[in-house]
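K.L.:
Mind having a look at this structure? Questions to follow.
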Amino acid sequence: MRRIDVITLFPEWVESLKGLGVTGRAMAQGTISLHCWNPRDFTEDVHRSVDDRPYGGGPGMVMRPEPLARCIEAVLAEDIAAPVSFLGPQGRVLDHDGVSELAGRARLILLCGRYEGVDERVLQTLVDEEWSIGDYVLSGGEPAAAVVMDAVIRQQPGVLGHEESALRDSFVGGRLDCPHYTRPASWRSRDVPEVLLSGDHARIERWRLAEALHRTRQQRPDLLARYPVSEVERAAAKKLGSEKGAKPSESGLK
Ligand code: 4HQ
């Protein structure tokens with residue numbers, strides 16, 4: 001992907017990603033360009049109003065169709081064609097597969113709603129798909145767009161450093177991560193697993209794979225059903241099990 005367009009009433013919110021961390025680095029190095037569009041800039045009235053009261057009554061406001069439609073049309077008139085993706089709780093729930101799918105596109109167009117939502121006719125005529133980041137309610141689509149952007153950007157080639165390669169990342173897809181340790185080797189009478197100090201990289205890789213599998217089995221058996229155990233994992237777990245003193249780690253938390 002080389003371009004992300006975000007339609008939002010709070011461009012400052014989304015643009016804050018430009019200066020920070022992995023997303024900031026990707027944008028600074030020009031791997032990905034971010035363009036924010038504000039429907040308020042497409043209003044025609046003096047008050048520049050973007051919302052209105054819901055037909056049928058009730059609390060909250062609804063985003064007006066015309067400024068939003070004009071905004072979306074302006075986005076679509078630029079650069080290459082891409083689906084318009086609305087962020088909302090009725091959408092396809094985002095997971096590793098969804099992120100890979102989105103990451104493979106040349107361009108993302110993310111539409112963030114505020115208030116109670118957007119006029120249904122805009123969704124029917126100008127929106128291609130809806131994505132949700134989970135079963136809970138946000139007060140706007142911006143945090144959801146930030147989640148999508150972060151997950152997608154870190155999959156782009158050349159965005160992550162050496163030590164955190166995208167290859168390793170996709171390898172871990174469908175599995176919980178293995179445990180991590182740094183110095184000191186012994187801390188409050190708890191020792192770093194011996195294998196990590198061994199310098200035997202093949203053995204370390206097997207251990208990490210087996211630990212990730214073990215953790216997934218313990219904490220998220222649902223993931224095992226969706227992403228079946230690979231031959232490499234099976235072999236790693238088996239080999240580790242046969243090495244003396246190689247019992248799997250206890251689970252992470254207190
Ligand atoms: N909202 N995943 C309602 C979400 C949401 C979610 C965004 C609240 C859209 C109008 N978005 N607005 N969950 O709850 O993506």
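For all residues, glycine too, the Cβ spot is worked out from N, Cα and C.
As annotated by TrEMBL, domain 'tRNA methyltransferase TRMD/TRM10-type' applies to 3-225. Annotated S-adenosyl-L-methionine binding site per TrEMBL: G113, I133, G134, D135, Y136, V137, L138, in sequence order.
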K.L.:
Given the binding-site residues I133, V137, L138, which one's Cβ is surrounded by the fewest other Cβ atoms within 10 Å?
P.N.:
V137
K.L.:
Those binding-site residues, G113, I133, D135, V137: which ones have a Cβ sitting under 6 Å from ligand 1?
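P.N.:
Cβ < 6 Å from ligand 1, in sequence order: G113, I133, V137.
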K.L.:
Taking 10 A as the limit, how many CB atoms besides its own sit near the CB of G113 (S-adenosyl-L-methionine binding site)?
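P.N.:
I count 24 other Cβ atoms within 10 Å of it.
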K.L.:
For the S-adenosyl-L-methionine binding site, please report the maximum Cα-Cα distance among G113, I133, G134, D135, Y136, V137, L138 in Å.
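P.N.:
The widest Cα-Cα gap among those binding residues is 16 Å.
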K.L.:
Let me know how many other Cβ atoms fall within 10 Å of the Cβ of G134 (S-adenosyl-L-methionine binding site).
P.N.:
11
K.L.:
Where does the mean pLDDT land for the domain 'tRNA methyltransferase TRMD/TRM10-type' (3-225)?
P.N.:
94
K.L.:
With an 8 Å cut-off on Cβ-Cβ distance and a minimum sequence separation of at least 6, pull the same-chain contacts of D135 (S-adenosyl-L-methionine binding site), or say none.
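P.N.:
Listed in sequence order, they are P89, V93.
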